[in-house]
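Chemist: Sharing the feature lines straight out of TrEMBL:
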DISULFID  112-146  disulfide bond
DISULFID  151-185  disulfide bond
DOMAIN    112-146  domain 'ShKT'
DOMAIN    151-185  domain 'ShKT'
């Protein structure tokens, strides 16, 4: 099961005995189910018949903060399996729309904010290939690259049709039906 705590995806791991724990290590920062500050590590272990949820790898507890963070934070995941190896394409003019949609975590779209004070004045550069990297890294919110932003696709198959975003024949349709995927926001 995959869950999110404080902006970090965690995976619960199950083991069959206490000597082969896959999710607990002596070093809380290297466990398979860690959070950003390594203070709330959640893992599930089973002793053949008994299941226990542990916090901080030794204490059984559930914190209100961790529960609230997990339920209110938007999911920050990569939908594709090969996002890490394709990370360079996050800023590619041709692949940016699909990468930002399918590889949100890898491309850094999570916890989306503007990091520059003049993003509103520079919004016309959001789709300019010359400034793509700068706008993606500095003005994500203004350029509607945030998960759950106001810009959305009307069609369900935009990711599969993304190769048509700049096709002369289909561009008008893609601009109206696949705005987010094609980067026309």
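Cβ from N, Cα, C; glycine included.
Source: prediction; values computed, not measured.
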Chemist: Quick one: DSSP breakdown of the domain 'ShKT' (112-146) into helix, strand and coil?
Modeler: 13 helix, 2 strand, 20 coil
Chemist: In Å, rounded, how far does the Cα of residue 151 (disulfide bond) sit from the Cα of residue 112 (disulfide bond)?
Modeler: 14
Chemist: Out of these disulfide-bonded residues, 112, 151, which one has the fewest other C-beta atoms within 10 Å of its own C-beta?
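Modeler: Sparsest of the disulfide-bonded residues 112, 151 by Cβ contacts within 10 Å: 151.
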Chemist: Averaged over the domain 'ShKT' (151-185), what pLDDT does the prediction give?
Modeler: 85
Chemist: According to DSSP, which of helix, strand or coil covers residue 151 (disulfide bond)?
Modeler: coil
